[in-house]
Ligand code: SF4
């Protein structure tokens, strides 16, 4: 007998009407993803074709993480480029030639588009093709956009991974692909649990090195570890791979459901599944119970930012005893977050996209105990006496799977505790 679904049969918020917003939005651009991608892909280099603003964003966001030989840089578009007076393609060729002659360790080069390169319509796909012909097989050159016109901050990773899918070789092997850039230690936890159930071979996109490349085809099944990978999901399906839909592995329940969906696909017996998951499940349950004490009975409001909002709202409402007032997400892909929507406790407004002033009005009227939002909104809301959590921290911190479930709850309870302490100090 194979694994049963551990989830109750419910349609939660799957049928809830979505408030569609198409106004001004307050989010970082997709260049931000380079900060975590460059650490995962050890022989890749991300060359942003952008302005000094783009360079400053990367430098300040990466800050102390810059090594002697960084794996990202910015080719600055000068005023002459922007005015169309110089041939930016020629200049790009010469920057890349210099870079690759100095850095023979680079095996994958990503040309990353930005707002300025988009405005002058610099054709980076053509540049990548031309450079691939010049530098193959030693270096593979790909391109994607991290521009703030096109992408929110987690979409940079999606665009990067989606650019890699068309060049994966064809494979007929039955393989599991885990898709999404996770911290190594977290990724290893997932692989270890799946391997103990007898599931394999397991591939990870992105692979740490170009030489670890693997194929994709009709016998590939894939599980997403991040909910913001809509384009990558579509690119893999175009290559014939099949998605294993599941709630995302946040918290004990989400992790168990995610593992169970994969275990079902691979025909794992229930007793094997239970034996492998029992101890970490128990640890996760206890850690969440402890870390979520101060969250129980509290309300939460999500501004759209990372696309993690729906799975996190599911975790906070079902495992931490919170009530969601509004769950805003930049995009809602039903085929990706549908299983989380099924479980999300009914009641919150679901909103897609943003019209920031209207949403701020709703938030101020609701006075939630905790507001999850981007950095640009957090400071003004804190000044108004609201307690906030920076959404970007949820992407930079290890939060997936059983062993991080307590830390995930802790990320939300910490600002509430801090606010409580500040009130106490003020009263003394
Ligand atoms: S890509 Fe656009 S939004 Fe991002 S740093 Fe550059 S100019 Fe700013």
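Each residue, glycine too, has its Cβ placed from N, Cα and C.
As the structure is a computational prediction, the values presented were derived from the model and not from experiment.
For the [4Fe-4S] cluster site, TrEMBL lists 54, 115; matching the candidates 13, 29 against that entry yields 29. Same-chain residues with CB within 8 A of the center of the 29, 54, 115 CB atoms, the [4Fe-4S] cluster site residues themselves not counted, are 31, 50, 51, 53, 57, 114, 116, 146, 147, 148, 149.
In sequence order, 57, 114, 115, 146, 147, 148, 151, 152, 153, 156 are the residues of the chain that are 6 or more apart from residue 29 ([4Fe-4S] cluster binding site) and have a CB within less than 8 Å of its CB. Between the binding-site residues 54, 115, 54 has the most other Cβ atoms inside 10 Å of its own Cβ, all protein chains included. In three-state terms derived from DSSP, residue 115 ([4Fe-4S] cluster binding site) belongs to a helical segment.
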